[in-house]
């Protein structure tokens, strides 16, 4: 996408920023309404329709003749992705037993993290072999095949809401996911930790190349290895947490922010080390930073799935998708602003220190939340 815009339309930095906004704004704006759709209509059909629509959007981008057309298709691509995500989480809950939820989520994370590692390499190879449009055609085909494969999934039918309750549900749909999460203190704290870690990770990811560029004798090859190490850390955590049994207290949510924060502090203060030490230590630190994020993401996702009734998974995960995407956007903007105002090393230091502080506060808060948590799932069911 960025290659198409940069080379075909010679886009300036503002135009490139517009690409990012068009990709993330739909999830922020429509995550909660999309979650309501996932709870109101057939989730498998919503996913298939979204994939067919995304196939059309990708083809539309490939055939666009102006930048504003790309923006429109990208916005709709983001919109249908926002519809797909909560429907996917809800369908997973329908077809997977509770004792298999963790394995299913871990496997899904493995696939996603593998795609993040392999995707850029495969995309570059496809562009070199088939051209930019050829890569878009293959992407469109993948969405089309995904839509067809979804028809083969057998899922039980959810109980439809009675008509007398439907009007009330529509009125509270936009806030019901957040209200449900707020009703469980552990989930509320988990959401805060999860979104804050996304924000910190985006600050580091968006500025990592600049930080490493400023290290004496560092190369682009070394910077690429550091970024790849972060992806391998996420993948490794996905594999491990597919197998490791998780308890209800989520110790991983308490320690993972500390690992991420200490990693940010270490890379910010180590830029003056001898290059040999940097080349040995930095990839390991980036690996641990990526590992720590997935170490929080999977247990949080599993706990939300287990505590959320099947009839509410769309709204709950739609809310999580909106807030986490907002954290991505804020992290990118904040990373650039902090680096511009204070320098990239200090930006990492601020991000790391704040995340470590979060780890200390959340450990205390979650301990209290675990003691006083009230089980409200049945009460919420009666309002739906």
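Cβ atoms here come from the backbone N, Cα and C positions, even for glycine.
Note that the structure is predicted; figures quoted are calculated from it, not measured.
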Checking 99-120, 253-274 against TrEMBL, the stretch recorded as transmembrane segment is 253-274
For the transmembrane segment (58-84), the distant same-chain contacts (Cβ-Cβ under 8 Å, at least six residues beyond its ends) come to 1, 4-5, 9, 11, 15, 18-19, 22-27, 30-31, 34, 37-38, 46-47, 49-51, 133, 136-137, 139-140, 143, 318, 321
Stretch winning on C-beta pairs under 8 A with the transmembrane segment (316-335) (pool: 14-37, 178-202, 222-241, 253-274) is 14-37
If you count CB pairs under 8 A between the transmembrane segment (178-202) and each of 14-37, 222-241, 253-274, the winner is 253-274
